[in-house]
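J.: What follows is a structure written as structure tokens; I'll ask about it next.
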């Protein structure tokens with residue numbers, strides 16, 4: 001597995017070794033031992049999630065607070081998405097910075113997003129299926145998020161018009177509101 005560093009040290013792009021011929025392809029999408037070797041510490045995933053979304057759907061930017069924070073290993077298994085991780089660790093040198101990556105069924109890349117990051121994605125293809133592993137269970141009372149168009153973060157989305165958001169995602173906080181409300185620490 002090839003590891004590609006991003007502008008934020010702790011966020012990694014993982015690129016599998018793909019074996020292909022006229023029959024199709026094969027690749028190992030996850031190997032616990034290899035993954036922990038890359039990170040340098042043990043990780044225990046407890047939940048796998050799978051979503052299907054239409055073009056222009058924007059999901060996020062989500063995170064869970066406190067003891068329910070989650071590390072995530074994400075990938076797009078059908079179609080393509082623009083995937084984003086935002087550093088919300090107040091003491092981090094990259095606090096408020098973001099990383100954006102094209103994840104697709106074609107490139108088969110995965111993005112490692114550690115605790116302390118908000119995460120979201122924009123569907124670029126007609127349909128996208130998105131799968132991710134988490135190190136903590138979903139906990140509705142700890143669910144939180146940052147609005148996709150927060151001017152302080154200034155994510156350079158591939159498009160900003162015609163987006164489809166859930167009512168919940170339309171009401172998310174700005175980073176400054178999260179700080180003022182003490183929802184990140």
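Even glycines carry a Cβ here, placed using N, Cα and C.
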J.: Going by Swiss-Prot, 23, 28, 47, 48, 49, 72, 119, 143, 168 bind substrate; tell me which of 59, 152 is listed for that site too.
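T.: Only hit among 59, 152 in Swiss-Prot's substrate site, alongside 23, 28, 47, 48, 49, 72, 119, 143, 168: 59.
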J.: Determine the Cβ neighbour count for residue 23 (substrate binding site): the number of other Cβ atoms within 10 Å of its Cβ.
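T.: So the number of other Cβ atoms within 10 Å of residue 23 (substrate binding site) is 6.
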J.: Is residue 23 (substrate binding site) helix, strand or coil when read with DSSP?
T.: coil
J.: Near residue 132 (active site, proton donor), how many other Cβ atoms are within 10 Å of its Cβ?
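T.: Neighbour count, Cβ to Cβ under the 10 Å cut-off: 22.
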